[in-house]
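This report concerns only the one structure given below.
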Amino acid sequence: MNILIINSKCCLLVFILCRICHLKENCTTIKRSGPNHKTGILKSQANESYQNNIRCYYYFEALPDERVELNFTVFDVNGVPPRCLHDFIDIYTQLDSLNVSLLDVPSQGRYCGKDKENLPYLIISVKNIALVDFHTDSSGDGKGFELIYRFFSDAIYKVGTKLQQYLCGFLISDLKEGTILSPTYPGIYPDNIMCFYKFQGEVGERIKLTFNDIDLYSGGNYCPFDHIKIYDGPNNEAHVIDTICGSRKVPIAFYSNGNYLQIFTVGESDETPSQLRGFNASFEIGTRFVDLSLVTLL
C-alpha cells in the first residue's frame, strides 16, 4: 500500500514538473486606454486553434478614474470545469499595477470548456486594471477566446463621500436621490469584498431604498455567506430591517424610521458561483414619505 502511495505521488510530481518544463511564457499583450482608444477586440490567437504549452498575459489598463469591461464573445478552451486541469484562463480584476505578483491578488475565477454556459459572463474590473492569464498544455487544442474590451468612467460607482477604510464605502448625505451599485455591477461580483453605504438625512427626513436587481449567492435561509444587511439607524447596533441573499422579486423597497439608514454588503464565500451580478438599488432622502409620528394604532 505504501509503495502504491509513493508511486502515485511520484507520478503526480513528474506530471507537474513536465508541465512546467514545457510551459513557455511567450506572450504578453497590453491594451491601454487613451483619448482615441476606449474599445477594441482581442483574440487569443491568429490561426484556427491556439498553440500548446504557452502562457499568455493579456493586460487591460484603464486610466485611474476608469474601469475595464471584458465581454467574451467566443470561448473554446480545452478543459473540464470547475477544476480545469488542462487549458484554462484565470481572470484578475483587482490589480494595483502591471507589476504586481499574481500570488498577492485574488483571482476573479478560472474558466475552461467549450459550452456556452462556460463562457465567462460580463467582467468589470474592481480597479483600473484587468488581466486574462491564458494557460495551455499539450493535451489538445481549441479555438481559444475572443472578447470585446471597453474602458469607461467609474463615476457610476462613486456616490457621496468615499470612506477610505473600505474598498467600496460611501457616506451619502448631500445627495437627495441616486443609485448605488455593487462594485462591479452588472458584471460578475468578486468574492471576499465588503462594501458599506451610510445614508444620512436631515432631521425629519427619511430614506427610501429600492432594490431594482438582486443577484447574490444563496447560502440558505439565514444568509451565512454573501448577503446585504440593512440597518435602520446610524450604526450596526441599530435594528436590522432585513438580510438579503439569493434572488428576490424586484422592485422591493425599504424605509428608515428616522434620518439614518446603512447597509453592509458582504461577499465572503469561496463557494460562490462566479456568474452573479450583485445588486442595483436607488435611494431617495426626503420628507414626502409618511410622517411616522402621526401614525397611531387603531
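For all residues, glycine too, the Cβ spot is worked out from N, Cα and C.
Feature annotation from TrEMBL assigns signal peptide to 1-23.
Here TrEMBL flags 27-152 (among others) as domain 'CUB'.
If you look up TrEMBL, you'll see 168-286 (among others) marked as domain 'CUB'.
According to TrEMBL, the disulfide bond annotation covers Cys168-Cys195. Other Cβ atoms within 10 Å of the Cβ of Cys195 (disulfide bond), summed over all protein chains shown, number 24.
Around the Cβ of Cys168 (disulfide bond), a 10 Å sphere holds 20 further Cβ atoms from the protein chains shown.
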